[in-house]
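Let me begin by presenting the structure, written as C-alpha cells, before commenting on it.
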C-alpha cells in the first residue's frame, strides 16, 4: 500500500475519533483541558498537580496545545467549542503522520503485508479511537513511540540511534517520563552489536548514543526553563512525576484506586480484541517459526525481530505489576501491540497458506482459507465497530448537554449570561471542560457523596503580576493525599445551572447528599436531557440533565 493512501486511512480514523470520541478520563479534563483553557481564556479549574508546591504537570506541554487552539480564533466563526475540536483535529493529524512513518518503515524493513496488518490493527481497534485524539501525555508518548520505533527500525542509509533516542526523550520529557523506557530493548540491541563489532564500530555506537543523550539533556533543560517561568521557581517536572509515583511517602497514585493483575488483559482484549491475542502470541509464534523453518537466517535478523517484539511485553509486564492501573497507561505501547499483532498474523498466514499437498494445511482448498481469513478480519472489524459505537452512544452525552448555553454559537447567544455558575454534584467527573461553557460562565461544585479532593480554581490571569499569575501564586486547599477540602463547594443557591443524573429504574433510597435534582420541579427547570450508560449497573436508560434554576 502506498504511504499516502495509508496516511489518509489513518487520518480518517483519527478524525472520526476527534469528532465523536467522548472524554473517557476526567484526568484529561482537569489536568489538561482546564489548564489550557486558563492560558487561553484567563480562568479554569486547577488540580493539586499544578500547585507550585507539587509541580508535577508540565506547562510547556499545555502551552503547546493552547497555542494550537489560539489559531482557531483567527479563523471564521470562532467559538470555544470550535477551539476544543480544533485542538483535537490537530492531534488527529499529528497522530496519523506519526503512524504512517512507522507503517512505511515496517513495510520496507519487514514486509509490506506486515505493514498492512499493522494499519488494520490500529484503525480497526477501539484503542486507537480512544487514544489517537486524546489530549493526554500518554497519547503524546504514543505519537513519539511511533517515531522512535521508526527511527530505530530503519537501518536504510545508516543507523538512526540518535533520532530514536531523541523521539523517546521527547515523549518522556514533554509527555510521560516512563514512556522513555520503551527504547530500552533497542539500546540493548545496539550495545550487543557494538560489543560484537570491531573497535571503530564500537566507538561509532558510543558516539550515536552520546549525541542522543546530549540532545535529550538539552531538551530537558529547555523544558525546565519554560516550566520554571510558569512556576516562578526552578522545576524539573519529569523528575517530580517520577518522584511522586515511585518515592511518594503519602501513598502516591495508589490513593486513586487499585486494580487486579487481570485489568490490562481485560482492557486490551476489549480495545484490540483479536489483535491483542495475536500480540501476546507473537513471540512464541516467531520462535516456532525459527525452530521449524528450513530457511537459513542470521543471528542478527533473529535478534532484531525479538527486539521489535520486546517493548510490548516489557511494558505490559511492568504495568501489570503496578497496583494503580488506568487504560491510558497502555497508550505508549499501542504501536508495539499493533506491530506484534501484525507480525504474528503474518506468521500465521504464512503457515496457513502452505500449499504443499503432503501437509494437512496444504489439503485445505484455497477458497476455504480465504473465507476463514476474511471471516477473522470481519469479526475483528465488527467487534471494534460495536465497541466504538457503544462508547459513543453510551457516553457522548457530556459533550452535547451544554449546547443550550451557547458556547458553540457565534456570539455565545444561549440561555444564561456572564457570571452564571454551572454546578456539578455527583456528575463532576463527566464535565468535559470549560470550553463547553460560554465566556465567563464558571464551573462550580456542590457536595455529593464523593469524599476525595476536587479541583480548585486558578487565580485569574489578571491577578498577581506578570503573565499568568495563577500558575505560580500560592494556593490553599490542595494536597497530594486526596483529602477532601470543604472550601471547594458552593451552596446550591449560587448555582444558575446544575448538571445531574437521574436513575429512573433505581428504587433504593437516595444518599443524603445526592437528591434527585432532576425531579425537583419547584427549584429547577430542565433545559436539556441526554441519555448515558450507567456502567456499574444493568441499567441503560438514565437521564443526564442540564437544569436551570426556576
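Keep in mind that glycine also has a Cβ here, set from the backbone N, Cα and C atoms.
Nobody curates TrEMBL annotations by hand; they come from automatic prediction.
Marked as signal peptide by TrEMBL: 1-18.
Long-range contacts of the transmembrane segment (87-108) within the same chain, counting only residues at least 6 positions beyond its ends with a Cβ under 8 Å from a Cβ of the stretch, are 1, 3, 6-7, 10-11, 13-15, 17-19, 36, 65, 68-69, 72, 114-116, 118-119, 122, 132-135, 139, 142-144, 146-147, 149-150, 153-154, 156, 335, 339, 342. What TrEMBL records for 87-108 (among others) is transmembrane segment.
Among residues of the same chain six or more beyond the transmembrane segment (140-159), those with a C-beta under 8 A of the stretch's C-beta atoms are 61, 94-95, 98-99, 101-102, 104-106, 108-109, 131, 165-168, 170-172, 174-176, 179, 182-183, 186, 190, 205, 208, 308, 311, 331-336, 339. The transmembrane segment feature in TrEMBL is assigned to 140-159 (among others).
Under the heading transmembrane segment, TrEMBL lists 165-188 (among others). Only residues 6 or more beyond the boundaries of the transmembrane segment (165-188), in the same chain, are considered here, and those with a CB under 8 A from a CB of the stretch are 58, 60-61, 64, 137-138, 140-145, 147-149, 151-152, 209, 212-213, 215-216, 219-220, 223, 238-239, 241-242, 245, 307, 310-311, 314-315, 318, 332-333, 336.
Residues of the same chain lying 6 or more positions beyond the ends of the transmembrane segment (209-230) and with a Cβ under 8 Å from any Cβ of it are 55, 58-60, 63, 161-166, 169-170, 173-174, 187, 190, 236-238, 468, 471-472. Residues or ranges marked as transmembrane segment by TrEMBL: 209-230 (among others).
Listed by sequence, the residues of this chain that lie at least six past the ends of the transmembrane segment (268-289) yet keep a Cβ under 8 A from its Cβ atoms are 121, 124-127, 130, 305-306, 309, 312-313, 316, 327, 330, 337-338, 340-341, 343-345, 347-348, 350-351, 376, 379-380, 383-384, 387. Residues annotated as transmembrane segment in TrEMBL: 268-289 (among others).
Annotated transmembrane segment per TrEMBL: 301-321 (among others), in sequence order. Using a Cβ-Cβ cut-off under 8 Å and counting only residues 6 or more beyond its ends in the same chain, the transmembrane segment (301-321) has close neighbours at 110, 149, 153, 181-182, 184-186, 188-189, 192, 261, 263-265, 268, 279, 282-283, 286, 290, 329-330, 332-333, 336-337, 339-340, 343.
Feature annotation from TrEMBL assigns transmembrane segment to 333-352 (among others).
According to TrEMBL, the feature transmembrane segment maps to 372-395 (among others).
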| task | Could you give the residue numbers and ranges of same-chain residues that sit at least 6 residues beyond the transmembrane segment (372-395) on either side and whose C-beta is under 8 angstroms from one of its C-beta atoms? | result | 20-22, 24, 120, 124-126, 129-130, 270-271, 273-275, 349, 352, 532-533, 535
